[in-house]
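Chemist: Let me begin by handing over the structure; questions about it come next.
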Amino acid sequence: MENGSYTSYFILLGLFNHTRAHQVLFMMVLSIVLTSLFGNSLMILLIHWDHRLHTPMYFLLSQLSLMDVMLVSTTVPKMAADYLTGSKAISRAGCGAQIFFLPTLGGGECFLLAAMAYDRYAAVCHPLRYPTLMSWQLCLRMNLSCWLLGAADGLLQAVATLSFPYCGAHEIDHFFCETPVLVRLACADTSVFENAMYICCVLMLLVPFSLILSSYGLILAAVLHMRSTEARKKAFATCSSHVAVVGLFYGAAIFTYMRPKSHRSTNHDKVVSAFYTMFTPLLNPLIYSVKNSEVKGALTRCMGRCVALSRE
């Protein structure tokens, strides 16, 4: 089962203890997570159900919601089960699965947000050429590329992280298996891997982020040249939701993966990880539904149809 360097399981110390205050926090977090799962699932169903939302923009938004549902499902069920049962062990395979899915979904979301920025650029700056610049074929290719690039990063991180010897070190002071936290337990020189991971994070975060900034710089210039006040308002309303989501996601991701090692602390890692795995997925459907009249219209039509069916 185990020798001096092989560890068949790990112990996740978790996010909460069993004090009264932490029990209340746990219930609040659980409520937020359930709301997040409901909101993102509803967004996916609305986009699939309402033909008015069958456009590249909303297809990409449905993929963002799918990634958020999977991201929450990767970490929270295990955390909740551990807290309620007191069993904190996670197998090596289970830990590897979490390490794989988190970069897959997080990295995929980086590229997906860049694809969504390009979609808004094409719609605002070149509305007449939009069907050509953002064809369904291109949209599907970009979406597939986002998933594949994220999966490649996740696979590399999972294989490399679990290849290190851990010399019987079991306890992970976190609520899920995350590469930067787990690598600290390794009883081998991980500097080459950490440097490679840092470079990879720079590429996966800053390259898409630069594309997003460039897209919105061009969008802003185009909006300022619009003569119609109504057109300006519509363009700002369409893009402001995406800008808010980008700010939340990239802020948390850059803080987590691009801080110098000397500035890292376990408590900060837990808080930031909780933010981008639990709270950001909740905010995405709220931001897009509140700011978007088409989504609100689809929700109203869906509720009306449900009421009509219930009366039959």
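Any Cβ shown, glycine's included, is placed from N, Cα and C.
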Chemist: Please verify against Swiss-Prot: do Gly14 and Met79 share a side of the membrane?
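Modeler: Yes, same side.
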Chemist: Among Asn17, Asn143, which is annotated N-linked glycosylation site in Swiss-Prot?
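Modeler: Checking Swiss-Prot against Asn17, Asn143, the N-linked glycosylation site entry points to Asn17.
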Chemist: Which cysteine out of Cys167, Cys177, Cys187 is the one Swiss-Prot pairs with Cys95 in a disulfide?
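Modeler: Answer per the record: Cys177.
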Chemist: Counting only residues 6+ away from its ends, which parts of the chain sit with a Cβ under 8 Å from the topological domain 'Extracellular' (77-96)?
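Modeler: Contacts with the topological domain 'Extracellular' (77-96): 7-16, 26, 30, 158, 161-162, 175-177, 182.
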Chemist: Between the Cα atoms of Cys95 (disulfide bond) and Asn17 (N-linked glycosylation site), what distance do you get, rounded to the nearest Å?
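Modeler: Here the two Cα atoms are 21 Å apart.
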Chemist: Can you tell me whether DSSP puts Asn17 (N-linked glycosylation site) in helix, strand or coil?
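Modeler: Note: Asn17 (N-linked glycosylation site) is coil by DSSP, not helix or strand.
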Chemist: Give the distance between the Cα atoms of Asn17 (N-linked glycosylation site) and Cys177 (disulfide bond), rounded to the nearest whole Å.
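Modeler: With the alpha carbons as reference points, the distance is 18 Å.
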